[in-house]
């Protein structure tokens, strides 16, 4: 049994989704396009990185074979390893959305088979009666934005007016989400969190997946900067997840990063917060020391998506992958006999793609135990196979979706 460690590299898709055309994402390939840009020198940035994409640890764990299975081709410029370690494959998503809750819940054995509510792309994003209810319930003079937007762009556009007027900046995206940006000092972080809780309640009839608090600091567009105090307010998963089943079996679920928020704090034994991939890795390594037999440590590495994918920053995404890969030997040193490590993703966010939204892609599955014989696990038909593999490994009853690949 030992322990399980589930790491989600947020948005690290590997292309090839059979239903990508339905989402306008045919050809999207986060890994493949990053590698292509790196190989061409288009992801060189002075003081950050240069040259072909270099991920020797994940390549040795089967990442390049995963890419080949997903898309039919190896990533450009990345040398094939002489030997492979662990299990490797990829998975299709059966949830209808390409958003964070859908991906994570499906990973945890609970696909989202219903349709989320979404806001219109033309005209005002939010209905007048909703805006009126929010302003009345939260005692606001009004809102700014009321549109589809990139988070950094809309703060630059409305940040100064927000500071002058006290009106929060409200916006959405192609995901089922209501995002609220507000200044940590001028508006107040606690007030922003309280506002998000009010909006979460008002949005339930609209079937919106998440309300996200996006605090920022600075005084002008030149120095506005989002802080690490983001909070996600999600609806509850539609049925018990792997996390609920583990807690019911008296195991501990250690949620690192935004995992607690994604699951609406249900099925969580302990929450460990950290900001930035490297600090998230530090927190994860510490939690690995503290986890007991039968426990799950579940970490979301959000920067790949939030800082690089949505901002279409290819060089930044490549450098973040290389920095993550370089720390995997530290993870390996923490593993005990019988421990299971799984690396995966929740969706794609191809930084070379049009727009700023997520992309529908297959996700990688890398699974490793000390001494395990390397083999491919093929293309899995649902992310839920990941959760069922963890359930099997930790010795709890199987759930209704997915099947273990162990």
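Placed from the backbone N, Cα and C atoms, the Cβ positions cover glycine too.
With 305, 310 listed by Swiss-Prot as binding Mn(2+) 2, the candidate from 265, 332, 358 annotated for that site turns out to be 358. Comparing residue 305 (Mn(2+) 2 binding site) with residue 10 (Mn(2+) 1 binding site), their Cα atoms are 5 Å apart once rounded.
Of the recorded residues, residue 10 (Mn(2+) 1 binding site) and residue 358 (Mn(2+) 2 binding site) place their C-alpha atoms 10 Å from one another. Rounded to the nearest whole angstrom, the C-alpha distance between residue 347 (Mn(2+) 1 binding site) and residue 358 (Mn(2+) 2 binding site) is 7. Under the DSSP three-state reduction, residue 305 (Mn(2+) 2 binding site) is assigned to helix.
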